[in-house]
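What follows is one structure encoded as structure tokens, with my remarks underneath.
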Amino acid sequence: MDTEKQFAKEKVASSVEESYDEALHEPPQEQSLHRGLKARQISMIALGGAVGTGLIIGSGTALRRGGPLGLLLGYSFVGFVCYLVMVSLGEMAAFLPHKKGFAGYATRFVDPALGFALGWNYLMKYLIVTPNNINAAGVVVQYWTRSVHIAIWMVIFIVFILVINFLGVRVFGELEFWFSGIKILALIGLLLMGIIIDLGGNPMNDRIGFRYWNPPNGPFGKYLLDQVKNERLSIFLGFWATLTNALFAYMGTELIGVTVGEAENPRKNIPVAIRRTFWRILIFYVGGVFVIGLIVPSTDDNLFIATKSKTGAAASPFVVATTLVGIKTLRHIINSAILIFVMSAANSDLYIGSRTLYGLAVEGKAPAIFKKVNKMGVPVPALLFCTAFCGLVFLNVSSSSARVFGWFVNLVSTFGALTWMCISYSHMYSLYPSLLDTITDSLFSRFMKALALQGRSRDTLPYKAPFQPWGSWFALVATGIITFFKGFDTFIPWNDANFVTSYIAVPVFFVMWIGYKLLYRTKVIPLAEVDLVTGLRAIDEEEEKYLRDEANKGPRTRWQRIQTFFAFVSISFPQLELASLFCLHKTPMSLAQISRNVVKKVLAIETPEGAGALVRRSIGSMNLRNLTPFLMLDHFHIGKGAGFPDHPHRGQATVTYMLEGSSQHEDSAGHKGTIYTGGVQWMCAGKGIIHAEMPIHTPGQPDPRGLQLWIDLPKKYKMVDPSYQELNPDEIPSAYPDGEEGAVQVKVISGKSHGVESPVRPLGGCWFFHVIFKNDGSMFQELLSFLSIFKRHLYIDKLLALKGDLKVGSQTDSIPAYNTVILSANGDQTGVKLTGTAGTEAVLISGEPLDQTVFQYGPFVMTTREEIQQTLMDYHSGRNGFEKAHTWKSIIGNK
């Protein structure tokens with residue numbers, strides 16, 4: 001029996017995950033990153049890594065070329081594209097927050113070759129953008145002095161960010177949290193300062209208004225007018241140039257897709273960070289360039305212009321604005337804040353670069369040495385490799401910092417644009433599947449269509465991206481057009497260095513993609529075979545452990561609440577949730593103890609079944625039908641001479657739980673045994689099984705009584721090999737909400753209760769508890785499945801009263817014995833409160849609804865009529881799981 005049970009457990013585990021490519025699993029613990037980034041840190045890093053040189057420094061170049069209106073339009077348009085990319089990434093990252101970055105999504109949902117090219121493309125972006133931000137820091141410092149050689153500053157800055165990254169993700173996250181906090185406060189201050197200056201609150205008492213939007217300064221710039229000799233064309237070229245600058249400014253927003261691997265509770269925190277992207281873009285980027293266009297004329301020679309800035313030029317338009325109105329001291333404070341901006345961005349960039357290289361190594365697409373981590377979870381070889389590329393910053397020793405900045409902007413914006421396009425490509429859904437079936441199935445319909453084809457609804461995802469499927473298409477096409485024409489000014493006049501830096505990334509990307517495909521002979525993954533399962537269990541269990549640990553910490557301190565308040569206020573004024581922030585429950589914020597209530601109650605009448613059996617059927621009766629994933633729930637009482645001789649099953653699982661007496665079983669695969677009082681058998685019929693279930697009648701012992709639950713299997717598991725998971729009474733763990741001397745005992749047949757987990761691993765989301773009141777009392781049971789990879793409040797929860805006086809939630813009406821009730825499932829209801837008197841017993845079942853149709857023919861349960869017809873043919877012809885259907889006879893059923 002022990003050998004059989006161990007074999008069954010191993011077989012179930014293997015049927016879920018081990019059939020998939022091992023490269024898709026999370027790395028082992030000793031080679032794994034640590035989930036040490038907290039919710040507030042994730043939100044801050046998402047903002048801090050994105051707001052940097054592109055907005056604070058690069059906007060000067062964009063203002064000169066596009067004018068104030070061109071600047072505003074360009075940043076608004078690219079901001080919208082950025083938002084579409086982010087929501088697409090957010091949908092995938094919340095569903096599968098793995099530790100391999102978003103290159104892992106391209107590998108998993110499209111083609112390993114695309115994952116390879118995207119991963120290395122993104123790595124090259126961060127090998128360039130890190131020295132670019134250090135170079136920008138040099139530009140800021142040179143505003144004050146040139147007496148210290150710039151190379152010395154570069155060494156200081158490189159050592160500074162290297163040390164921070166060496167200290168581990170928790171130290172990095174905390175420092176970056178405060179750096180980004182300073183950055184946000186500075187941004188808010190700069191925006192307010194700009195508005196005040198514009199309205200006349202300056203030493204000159206000069207109300208500027210929209211003066212700089214009028215000729216000769218605005219509203220549009222005239223870029224390359226001397227070369228093209230056409231004013232309208234030069235205005236258009238000026239606007240187009242702002243798109244390239246804006247593209248560079250928004251690069252880095254997508255880094256949230258890399259931080260998911262080290263984020264705590266990622267399925268909650270990632271969607272929160274993604275949703276707030278809209279407000280960050282609107283307030284800081286669009287609002288920032290609007291204010292800049294009001295207070296600085298686009299014709300001012302003091303603006304920092306990439307490739308052309310003169311010695312002593314201000315690094316930021318905000319500094320220029322203070323100079324123009326005669327504010328002397330404030331410009332130095334602003335320049336200091338900008339130095340923090342760019343150093344924070346460089347710090348984040350080095351972090352992301354090292355994690356990207358680590359992710360490639362874990363997937364086997366970079367040398368194995370780069371997947372080594374130290375005891376703090378820092379990928380040291382990858383970190384040192386990325387730091388070495390910071391040496392590129394010393395190019396500014398022989399060329400001006402402004403010229404080097406321009407080269408880096410060209411490289412980074414192209415690498416970043418290719419990344420955005422790959423993210424959209426991985427996520428896209430075909431708009432015209434009926435017209436372009438062949439093309440879209442092989443190329444364009446990836447994550448979203450794979451979900452649909454595999455029976456998963458997007459409505460059940462932790463985060464559902466808006467504007468889909470149009471959004472991903474629009475982002476892909478718009479980014480592609482901007483990238484293709486971004487280097488137009490290298491031809492007017494011809495500039496070798498700018499042309500190479502503008503376009504070199506494109507052929508490099510395609511060489512990597514095509515080269516990998518030819519070398520490893522990879523193909524675009526068929527949509528029906530896109531892996532939507534592997535690794536989910538590990539992530540779910542890691543998340544559940546985090547929630548349990550948080551619950552055990554008790555109430556948060558005032559300082560912790562202040563930190564949370566600061567994080568939320570800083571990034572999301574419109575979406576502040578004060579009620580959640582100051583929750584003092586001992587459970588996490590997302591698990592406040594709000595009970596579900598009874599929405600339907602059905603008495604199960606005892607009726608004869610077969611010869612000598614009595615059955616109380618609740619689910620599956622006329623009163624309770626179509627309660628996915630549950631098909632039937634019987635409370636059975638088997639008298640002498642009755643039983644369930646040889647019969648088949650396909651497509652469902654059956655759970656037999658003995659309340660009194662014993663039952664023996666035997667099947668066509670050679671498995672047999674006995675279920676004793678208090679024991680359970682979880683049988684997965686899969687593609688087919690023939691078995692018999694017969695009671696054991698012992699003199700002086702009660703007739704066998706128990707529960708049998710039929711559970712519909714998810715479509716992908718319908719045709720797995722049959723398997724069993726069986727627990728003897730002493731193997732079923734018990735939870736005691738108030739300690740072993742307390743009033744309530746919960747037998748955990750499957751799922752988790754109060755930190756106690758059952759060893760049963762069903763092939764679908766299902767929790768099964770037997771609640772026993774030893775004395776008068778109450779308990780609260782959270783109802784979150786360990787397989788809850790979708791929205792947590794869509795579970796169908798059922799309660800079957802067995803004995804005593806039971807009450808649910810705040811309701812005063814008792815639930816009599818043998819009544820089955822359906823519980824509400826409102827979004828804020830995280831569990832159910834049960835109150836009972838001594839001797840009260842009930843069974844609580846929580847299941848994950850399946851987004852699939854049910855076609856049932858007796859013991860056969862499939863998802864289409866054709867599958868039922870095929871099942872009948874298989875059964876009658878003895879194949880595909882029913883090979884012994886007409887030759888095997890059980891011993892127990894044919895005595």
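Placed from the backbone N, Cα and C atoms, the Cβ positions cover glycine too.
These features come from TrEMBL:
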COMPBIAS  1-12  compositional bias 'Basic and acidic residues'
DOMAIN    799-881  domain 'Pirin C-terminal'
REGION    1-32  region 'Disordered'
TRANSMEM  42-63  transmembrane segment
TRANSMEM  102-123  transmembrane segment
TRANSMEM  150-168  transmembrane segment
TRANSMEM  175-197  transmembrane segment
TRANSMEM  233-257  transmembrane segment
TRANSMEM  278-299  transmembrane segment
TRANSMEM  311-330  transmembrane segment
TRANSMEM  337-358  transmembrane segment
TRANSMEM  378-397  transmembrane segment
TRANSMEM  404-426  transmembrane segment
TRANSMEM  467-485  transmembrane segment
TRANSMEM  497-516  transmembrane segment
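Taking pairs at least six residues apart, the transmembrane segment (278-299) and the transmembrane segment (150-168) share fewer than three Cβ pairs below 8 Å and do not count as touching.
For the domain 'Pirin C-terminal' (799-881), residue counts in helix, strand and coil come to 13 helix, 33 strand, 37 coil, using DSSP. Sequence-distant contacts of the transmembrane segment (497-516) (same chain, at least 6 residues past either end, Cβ-Cβ under 8 Å): 112-114, 116-117, 120-121, 124, 307, 406-408, 410-411, 414-415, 418, 483, 486-487, 489-491, 522. Segment contact is absent for the transmembrane segment (233-257) and the transmembrane segment (378-397), given fewer than three CB pairs below 8 angstroms at sequence separation of 6 or more. Across the domain 'Pirin C-terminal' (799-881), the model assigns an average pLDDT of 86. Contact counts against the transmembrane segment (102-123), taken as Cβ pairs under 8 Å, peak for 337-358 among the stretches 150-168, 337-358, 378-397, 467-485. Only residues 6 or more beyond the boundaries of the transmembrane segment (378-397), in the same chain, are considered here, and those with a CB under 8 A from a CB of the stretch are 33, 126-128, 130-132, 134-135, 138, 150-151, 154, 158, 162, 165-169, 350, 353-355, 357-358, 361, 369-372, 404, 407.
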